[in-house]
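Asks: Below: one structure in structure tokens.
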Amino acid sequence: MSNNVVVLGTQWGDEGKGKIVDLLTERAKYVVRYQGGHNAGHTLVIDGEKTVLHLIPSGILRENVVSIIANGVVLSPEALMKEMTQLEERGIPVRSRLLLSEACPLILPYHIALDNAREKARGEKAIGTTGRGIGPAYEDKVARRGLRVGDLFDKKAFAQKLKEIIEYHNFQLVNYYKVEPVDYQKTLDDIMAIADILTGMVVDVSDLLYKATQKGELVMFEGAQGTLLDIDHGTYPYVTSSNTTAGGVATGSGLGPRYVGYVLGIIKAYSTRVGAGPFPTELFDETGDFLREKGQEFGATTGRSRRTGWLDIIAIRRAVQINSLSGFCMTKLDVLDGLKEVKVCVGYRLPNGEVIETTPLAADDWEGIEPIYESMPGWNESTFGVKDKAQLPQAALNYIKRVEELTGVPVDIVSTGPDRSETIILRHPFDA
């Protein structure tokens, strides 16, 4: 058993993972992204300065931490270079801190074109993707036709492979979706201009991480999105295209599951969701507006307004089961300050009157579900910026305790603000 830690979302993403990863990397040697792509949006606030990362791991701001983009991530060269440039302009030496797996599938312009064309064609049934080509890139990976970072080592062979795959996708874009084709030469020129930069950061990630664990060096795995968006276990088809759950760590990084010792589930004190899909506890009243405005619930990646609602314990329990959670970090507790009453969903009532305490698997099976709530007194005192559990209002402590009782998982960390210092650590994941 290793002391390595996984940090992942337990809801529909946007739980506040970036801040917690940044906070905990003080103890880590490596921080690894193992799934997703630049559809993630991890916001960090350090000494009042805000940083939003979409692709590069949140550990990049730490001087002695090595950040790794592993094989489970679909990599947009354009997005990576943009993010690297922004960080380097702030004096952060990204190229000496960042490593890539040669097995990362590349996101190229035809993936983005397909993503947007499909969403437009779906009309009202659109999934609500970020339009960044994530799904189509994973499709090419599974179909074994995708280009990977490692293909850039042989530029002549890459050019031929690119020509063939662009012809394949352009046929669909032009003849089915009736949109403009992707330009082969421009795509080739753009990727060749940065090919040496990408290949210069390539390492054997699986071997590196294995040797690191043998030396006792600590690794943190940074999840993107959330458990309920998992391609297999989420509200299908309103899901992302990767395994956002703890099982994705081994396949997405090449390090075996025995080398994970603690799984930290990030749980927002209420629920949010971006885009379409089931959301039983969604609020359409002034309380929902209150949570959205006070919580600044607007996507870091898309800027879209997030749907808001009460904490859904039934959905959280599913995340506990799937991920073997060791503990929770509860974020945005301060957003609930000032509410006279707070609620948590403890059951679902089906249209036929039956009450269930587990989440359905397919999105259609959520149709007509009504949440069953348990109410608790709210609190007027501010929890914002509190750094000591003893200073939290009793009603807030009761809320935390009730979540622990209903899920069977301890709340080991409480986040009371966006800055890394605004945190109460009750049990450190690396010491658990």
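Quick reminder: no glycine exception, Cβ is built from N, Cα and C everywhere.
When I checked Swiss-Prot for this same protein, it listed these features:
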BINDING   13-19, 41-43, R306, 332-334, 415-417  GTP binding site
ACT_SITE  D14  active site, proton acceptor
BINDING   D14, G41  Mg(2+) binding site
ACT_SITE  H42  active site, proton donor
BINDING   A300, T301, T302, G303, R304, S305, R306  substrate binding site
Asks: Select one residue from G13, G16, G41: among these binding-site residues, choose the one with the most other Cβ atoms within 10 Å of its Cβ.
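Replies: Of the binding-site residues G13, G16, G41, the highest Cβ count within 10 Å belongs to G13.
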Asks: Taking DSSP three-state, what's T43 (GTP binding site) in: helix, strand or coil?
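Replies: In three-state terms, T43 (GTP binding site) counts as strand.
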Asks: Report the member of H42, R306 (the recorded positions) whose C-beta atom has the most other C-beta atoms within 10 angstroms.
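Replies: Max Cβ neighbours within 10 Å, all protein chains included: H42.
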Asks: Tell me, which recorded positions from H42, G303, R304, S305 are within 10 Å of G16 (GTP binding site) if we use the C-alpha atoms?
Replies: H42
Asks: Considering Cα atoms only, can you say which of D14, H42, L333 is the nearest neighbour of R304 (substrate binding site) among these recorded positions?
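Replies: Result: the closest of the recorded positions to R304 (substrate binding site) is D14.
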Asks: Spatially, which candidate from the recorded positions G13, K19, G41, H42, T416 is nearest to R306 (substrate binding site), comparing Cα atoms?
Replies: G13
Asks: Hey, does DSSP put S305 (substrate binding site) in a helix, a strand, or just coil?
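Replies: Assignment for S305 (substrate binding site) reads strand.
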Asks: Going by Cα-Cα distance, pick out whichever of the binding-site residues G41, S305, T416 is nearest to D14 (active site, proton acceptor).
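Replies: Comparing Cα positions, the candidate nearest D14 (active site, proton acceptor) turns out to be G41.
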Asks: Sort the recorded positions G41, H42, G303, S305 by C-alpha distance from K19 (GTP binding site) and give me just the closest.
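Replies: So, of the listed recorded positions, the one sitting closest to K19 (GTP binding site) is H42.
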